[in-house]
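Peer 1: One structure, pasted below without further comment.
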Amino acid sequence: MVPKADSGAFLLLFLLVLTVTEPLRPELRCNPGQFACHGGTIQCIPLPWQCDGWPTCEDKSDEADCPVTGEARPYGKETVDLRQGRARGGDPTHFHTVNVAQPVRFSSFLGKCPSGWHHYEGTASCYRVYLSGENYWDAAQTCQRVNGSLATFSTDQELRFVLAQEWDQPERSFGWKDQRKLWVGYQYVITGRNHSLEGRWEVAFKGSPEVFLPPDPIFASAMSENDNVFCAQLQCFHFPTLRHHDLHSWHAESCSEKSSFLCKRSQTCVDIKDNVVDEGFYFTPKGDDPCLSCTCHRGEPEMCVAALCERPQGCQQYRKDPKECCKFMCLDPDGSSLFDSMASGMRLVVSCISSFLILSLLLFMVHRLAQRRRERIESLIGANLHHFNLGRRIPGFDYGPDGFGTGLTPLHLSDDGEGGTFHFHDPPPPYTAYKYPDMDQPDDPPPPYEASINPDSVFYDPADDDAFEPVEASLPAPRDGGIEGALPRHLDQPLPPAETSLADLEDSTDSSSALLVPPDPAQSGSTPATEAPPGGGRLPRASLNTVV
């Protein structure tokens, strides 16, 4: 039974197929003017790199099914003069490769001239037009300050190259119209003034390479008869049709006139930041490959090494940054950027939550450690009070200041019990029975219980034996006066009444903490000290039970 289109089974089957099926590789989309490699990490290369004799794609698909033309010349790292094979007036683009790291290409678009200069591959020279009006000699000094001179020409191709260039620059124009006149490096010397002016062209500055000389010039309308040397002006046209047909003329003008001028200098190494590089230094040539590193040799980049960058992940259309190596700009539609922003937001939220949880855990650990420390101190204080039994005094213990060494000092919460007032053992682990520490027994144990309640036992001072004697073992027989007549009359305190129970006597004895001494017989006025008790003998000594 085939499930219906709107059934849940069909939907689950469709989702299962989408999950199991391997996603197809997105179609490569290269910009116009680029060749799409069939495979590998390199997907798009410039179209002129196809069939140039050197494979660029990893699968060498750019060199497949290519006719052999011989126009592309691969060169190795060996001693190769990069100027070999150059023909003046020919194709200015050449491809050179170096067997170091990745293949490298050289062409006329690589910066060999500073900004504002036009490079001509035929003579390896750079040209620039200065539109500021100066006389001939000032113009020559300006060209010398930029390591050049007023332009001269060695071939017709070089002259055509200069005439075909667009010299419009953001500078103040001097007398700019559809035609222009430029000071160049020639001078016309007058040799005779018979029927007409006769003379010849000469190079204004000695030391210039072999050049061709212009044809007969057009003289200025106003000429001084005293002038024997005139300076050359090249007249060219700004209109594109006339310029492309190489229309020009030569004029002999007074050297004091002000005009624009054309400077010429040898090509030089220029880095990607438009800085001139000296001979023998490493630099990144000016161009569209910021990952190229070369050595400057005779104004050209040689011994170059290029870095191969990995294509950006998650981006189908991208463009290289012309100023920074291995930096790309994604050209995908805005949809991917929306997902990227959402992913960035989710990462930010997850980071905030993780940071909050970690901080909370740290705070809880600090609080728990402080709580355990407080509980430990409280347990130490409670154990101290329990061991010393400050609420009730124990019989037989000495509570004087020397009883415990330094006495009892209050234990504060700041005292952790280590090296402070008291010395305690570490607290026991949790969930175990607490073991009380061993206590040292006193040297003099307390008297037994029977001795403490025996009325016959007395404490006496041996030094008082001369004045007192111990009481006889048996009490005298009572007389008519009863028990009170049998007791010595010099004692102030009477005995406890007969009806007092033994338990009350024990309680009174336990609560007593002072040693009672007999009063001074001299202070008693009721009975004379010389009165002898009945029965004869010495005066009996007063005795009371003393219990600590």
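Using N, Cα and C of the backbone, Cβ positions are placed for all residues, glycine too.
Take a look at what Swiss-Prot says about it:
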- 1-24: signal peptide (SIGNAL)
- 25-347: topological domain 'Extracellular' (TOPO_DOM)
- 28-68: domain 'LDL-receptor class A' (DOMAIN)
- Cys30-Cys44: disulfide bond (DISULFID)
- Cys37-Cys57: disulfide bond (DISULFID)
- Cys51-Cys66: disulfide bond (DISULFID)
- 113-239: domain 'C-type lectin' (DOMAIN)
- Cys143-Cys263: disulfide bond (DISULFID)
- Asn147: N-linked glycosylation site (CARBOHYD)
- Asn194: N-linked glycosylation site (CARBOHYD)
- Cys236-Cys255: disulfide bond (DISULFID)
- 268-331: domain 'VWFC' (DOMAIN)
- 348-366: transmembrane segment (TRANSMEM)
- 367-548: topological domain 'Cytoplasmic' (TOPO_DOM)
- Ser379: phosphoserine (MOD_RES)
- 415-548: region 'Disordered' (REGION)
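Give me the structural setting of these features: burial, nearby parts and distances.
Peer 2: Over the topological domain 'Extracellular' (25-347), the average per-residue pLDDT in this prediction is 74.
Sequence-distant neighbours of Cys30 (disulfide bond) (same chain, six or more apart, CB under 8 Å from its CB) are Ala36, Gln43, Cys44, listed in sequence order. Annotation note: Cys30 (disulfide bond) sits in a coil segment as assigned by DSSP.
Of all Cβ atoms in the shown protein chains, 22 besides its own fall within 10 Å of the Cβ of Cys57 (disulfide bond). In the three-state DSSP reading, Cys57 (disulfide bond) counts as coil.
Listed in sequence order, Tyr127, Arg128, Val129, Tyr130, Thr142, Cys143, Val146, Gly148, Ser149, Leu150, Ala151 are the same-chain residues at least 6 apart in sequence whose CB falls under 8 Å from the CB of Cys263 (disulfide bond).
Its own atom aside, the Cβ of Asn147 (N-linked glycosylation site) has 13 Cβ atoms within 10 angstroms in the protein chains shown. Secondary structure from DSSP puts Asn147 (N-linked glycosylation site) in coil.
According to its DSSP assignment, Asn194 (N-linked glycosylation site) is coil. The Cβ neighbour count for Asn194 (N-linked glycosylation site), using a 10 Å radius and every protein chain shown, is 6.
In the three-state DSSP scheme, Cys236 (disulfide bond) is classed as strand.
Mapped onto DSSP classes, the domain 'VWFC' (268-331) shows 0 helix, 28 strand, 36 coil.
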Peer 1: Look up Ser379 (phosphoserine) in the DSSP assignment and report helix, strand or coil.
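Peer 2: For Ser379 (phosphoserine) - judged by DSSP and reduced to three states - the answer is helix.
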Peer 1: A 10 Å Cβ contact count, applied to the disulfide-bonded residues Cys37, Cys51, Cys66, Cys236: which residue has the minimum?
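Peer 2: Among the disulfide-bonded residues Cys37, Cys51, Cys66, Cys236, the sparsest Cβ neighbourhood within 10 Å belongs to Cys66.
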Peer 1: Test of understanding: give the count of other CB atoms lying within 10 angstroms of the CB of Cys255 (disulfide bond).
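Peer 2: Total other Cβ atoms inside 10 Å, all chains included: 18.
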Peer 1: Compute the C-alpha separation of Cys57 (disulfide bond) from Cys51 (disulfide bond), stating it in Å without decimals.
Peer 2: 11
Peer 1: Using a 10 Å cut-off, grab the number of neighbouring Cβ atoms around the Cβ of Cys44 (disulfide bond), all chains included.
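Peer 2: Around the Cβ of Cys44 (disulfide bond), 19 other Cβ atoms lie within 10 Å.
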Peer 1: Rounded to the nearest angstrom, how far is the Cα of Cys51 (disulfide bond) from the Cα of Cys255 (disulfide bond)?
Peer 2: 54
